[in-house]
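Per TrEMBL, these features apply:
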- N58, N59, G60, A61, D62, G124, T125, G126, L127, N128, K129, D130, D153: (6S)-NADPHX binding site (BINDING)
- N59, D120, T156: K(+) binding site (BINDING)
- 10-210: domain 'YjeF N-terminal' (DOMAIN)
Amino acid sequence: MTQLVTTEEMQELDQYTMATIGLSEEVLIERAALAALDVLGAGAYDLSNVLVLVGLGNNGADGIALARLLHQLHIPVSLQFVGNANKAKPAVKHQLQIAEACGVPRSEKSDFKQASLIIDAIFGTGLNKDLPEGLQKMVKAANHIESTVVALDLPTGVNGTTGQIMGAALKAKTTISFGFTKVGVTKNPGKKSAGQVLVKEIGIVVPDDFQFSINKQ
Ligand SMILES: NC(=O)C1=CN([C@@H]2O[C@H](COP(=O)(O)OP(=O)(O)OC[C@H]3O[C@@H](n4cnc5c(N)ncnc54)[C@H](O)[C@@H]3O)[C@@H](O)[C@H]2O)[C@@H](O)CC1
Ligand SMILES: [K+]
């Protein structure tokens, strides 16, 4: 049985886990990255040249932590920021400091064709409006060359609640849902962008009296 959540419910559960239970944001990010590493390590992906596309929110922080874990396993990986890294959330800046201290390479502008695997860590549950035009172009270009994409939590551009495409969406081979599957990846057109959806436990705690808006399926 799968429990689906809206992005609002997921945000509420993230907050409860951090503010009430006391698990730190950093622990959740590390667990998300370890969960993704688990999926990548299972052997179904070409890890000869991994490119992690990083956004300015916590989805990006998950991506940077994953890049560090890959780098420490001597897997060729580089990070590319989408947007101005100076405007990133504190968790992203912190992950970036750690990644830089570990020597994770950063690329400014990558040729997607060169990447054996693209990790989508641009937007997750925080997406609340259409992608900026420049990013829509980038997403369309990546989809056009049919690179293999693994999306962290949600494919960038998919509304996690409605399944709507917010201007454009990266087409993933696999989407790794952290904690719970977001209902948007079960509804078209979001479903098509998500590919195979896997759910990974990261330590999210659900209050006893929490009412999910969607019944288990
Ligand atoms: N405690 C947490 O919040 C956790 C979050 N996690 C990860 O963090 C993600 C959610 O992180 P965030 O809430 O930081 O959000 P995102 O990283 O999805 O997005 C970043 C921010 O971009 C802004 N934004 C939204 N739509 C935009 C648009 N179209 N153009 C420009 N800017 C836009 C919003 O301010 C949003 O907060 C999850 O999907 C998951 O991957 C996990 O690390 C687990 C713990
Ligand atoms: K993503």
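Cβ coordinates are placed from backbone N, Cα and C, and glycine is handled just like the others.
Automatic, uncurated: that is what TrEMBL annotation is.
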List only the single closest residue to T156 (K(+) binding site), chosen from the binding-site residues G60, D62, L127, K129 by CA-CA distance.
L127
To the nearest whole angstrom, state the Cα distance for the pair G60 ((6S)-NADPHX binding site) and D120 (K(+) binding site).
9
Cβ-Cβ under 8 Å from T125 ((6S)-NADPHX binding site), same chain, 6 or more residues apart: which ones?
T7, M10, Q11, N59, D153, L154, G160, K182
I need the least crowded one of these binding-site residues (N58, N59, T156), counting other C-beta atoms within 10 angstroms of each C-beta.
N58
When you measure from the Cβ of D120 (K(+) binding site), how many other Cβ atoms are you left with inside 10 Å?
32
Contacting binding-site residues for ligand 2, chosen from N58, G60, T125 when the Cβ sits under 6 angstroms of any of its atoms
none
Cα-Cα, D120 (K(+) binding site) versus D62 ((6S)-NADPHX binding site), nearest Å, comes out at 10
Test of understanding: give the count of other CB atoms lying within 10 angstroms of the CB of D153 ((6S)-NADPHX binding site).
30
Tell me whether N58 ((6S)-NADPHX binding site) sits in a helix, a strand or coil according to DSSP.
helix
List, in sequence order, the residues of the same chain other than N59, D120, T156 whose Cβ lies within 8 Å of the centroid of the Cβ atoms of the recorded K(+) site.
L53, G55, G60, G63, A121, I122, F123, G124, A151, L152, D153, L154, P155, L170
Relative to the Cβ of K129 ((6S)-NADPHX binding site), which residues of the same chain, six or more apart in sequence, are found under 8 Å away?
M166
In sequence order, which same-chain residues at least six apart have a C-beta under 8 angstroms from D62 ((6S)-NADPHX binding site)?
I29, A32, A33, A36, A121, G124, L152, D153, F178
